[in-house]
Amino acid sequence: MIETLLQSPSSWTNFFIFFGLAVLLLFAVLGFVTYGILAERKVMGFMQGRIGPNQVGGRFGLLQTVADVLKLLLKEDSIPKAADKPLFILAPVIAFAPAFMVLAVIPFTDKFQFADIGVGLLYYIAVSGITTIGVVTGGWASNNKYSLLGGMRAAAQMISYEIPLVMSVIGIVLLAGSLNLNEIVAAQENVWYIFVQPIGFVVFLIAAVAELNRTPFDLPEAESELVSGYHTEYSGFRWAFFMLSEYVYFFGMASLITVLFLGGWNPVMFLGFIPGAVWFALKFSSVVFLLIWFRVTFPRIRGDQLMEFGWKVLLPIALANIFLTALIKELFF
């Protein structure tokens, strides 16, 4: 359906159809964010020997996150007197908009994707980097030392881990011969790339956690060091925009890992009768659980350790993986 619309002449009808689909995707993502946060809190509670949310919405706390959102909407929206007001207001939007834009190229099934472009993987990596501009802008515009330090940490972390992230997927591009995410999924019909590219998967997973600013790489918003990091001065809905962008990227990165390394919607052998959307959801949920598990398990590392690990460990391993993949492809394929 979407491919037919893309190839049809421009019209207001097509515009409103695309707008409606975009709104549906936005609500689907917001639903994931709402209950993804709840699931994270419940899993963390279980792993730490606690119950987790259990008051609002029954014994499982099903409406706890909804109540939190309503609370944020009702909070005062304050702007510090010394802040750069235009940039302070604009920063959350700059941080959130790219997070939603990258979802356009993710193929959730073979029939559901907003933009099937030839350089989908490159588009995702390029657009996702814009969010750091919003983070740094918010930190600087707040005119707060903690916020500025958080923004600078975010910039340094993004530079350090964006390179290994990109390098780790070059092996996949070499094997699939394309930057198109649909073609990468199709190339995994017989064997998933997690088995062909285990080194690339490990490097990508670690770099992805760093890009998401999640534990153990959550230095830009380290509560015990920087109060709340780059969004210390934000409150209410503007603060919610920063949190929303973080969890939308969580959704996007888990989807991208599913597409690149877990075969997307391709089924396990002899279970092809199960719909592709179900397979995608199962793989996606496994990645989300793994990332939550990381948050509970690992302590935060120091800034110097973060930089050294990115430049001295991940980058050389990613480069070695490229040469190894090119050699194997040249000799055996």
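Each residue, glycine too, has its Cβ placed from N, Cα and C.
Note that the structure is a prediction, hence the values are computed from the model and not measured.
Residues annotated as transmembrane segment in Swiss-Prot, with sequence analysis given as evidence: 15-35 (among others). Here the transmembrane segment (15-35) has long-range neighbours at 2, 5, 65-66, 69, 100, 103, 114, 244, 247-248, 251, meaning same-chain residues at least 6 beyond its ends whose C-beta is under 8 angstroms from one of its own.
Tertiary neighbourhood of the transmembrane segment (88-108): same-chain residues 25-26, 29, 79-80, 114-117, 120-121, 123-124, 127-131, 133-135, 137-138, 141-142, 181-182, 185, 233-234, 238-239, 241-242, 244-245, 248-249, 251-252, 255-256, 259, 264-265, 277, 280, selected by CB-CB distance under 8 Å and a gap of 6+ residues from either end. Taken from Swiss-Prot, the feature transmembrane segment applies to 88-108 (among others), supported by sequence analysis.
The feature transmembrane segment is assigned by Swiss-Prot to 117-137 (among others), with sequence analysis given as support.
Sequence annotations record features per position, and here Swiss-Prot assigns transmembrane segment to 159-179 (among others).
Sequence-distant contacts of the transmembrane segment (191-211) (same chain, at least 6 residues past either end, Cβ-Cβ under 8 Å): 128, 157-158, 160-162, 164-165, 167-169, 171-172, 175, 184, 217, 249, 253, 256-257, 260-263, 266, 290-291, 294, 306, 310, 314, 317-318, 320-321, 324-325. What Swiss-Prot records for 191-211 (among others) is transmembrane segment, and it gives sequence analysis as the kind of evidence.
Residues annotated as transmembrane segment in Swiss-Prot: 239-259 (among others).
Residues of the same chain lying 6 or more positions beyond the ends of the transmembrane segment (274-296) and with a Cβ under 8 Å from any Cβ of it are 36, 39-40, 43-44, 47-48, 108-110, 112, 205, 209, 212, 214-216, 250, 254-255, 257-258, 262-268. Residues annotated as transmembrane segment in Swiss-Prot, with sequence analysis given as evidence: 274-296 (among others).
Outside the transmembrane segment (313-333) by six or more residues, the chain places 161, 163-164, 167-168, 170-171, 174-175, 197, 199-200, 203, 206-207 with a CB less than 8 A from a CB of the stretch. Per Swiss-Prot, the feature transmembrane segment maps to 313-333 (among others).
Long-range Cβ contacts of the transmembrane segment (117-137) within its own chain (Cβ-Cβ under 8 Å, at least 6 residues beyond either end) map to 87, 90-99, 101-102, 105-107, 150-152, 154-155, 158, 162, 165-166, 169, 173, 178-182, 184, 211, 220, 230, 242, 245, 249, 252, 256, 260. Sequence-remote contacts of a segment are chain residues at least 6 beyond its ends whose Cβ falls under 8 Å from one of its Cβ atoms, and for the transmembrane segment (159-179) they are 118-122, 125, 129, 187, 193, 196-197, 199-201, 203-204, 206-208, 210-211, 217, 260-261, 306-307, 310-311, 314-315, 317-319, 321-322, 324-326, 329, 333.
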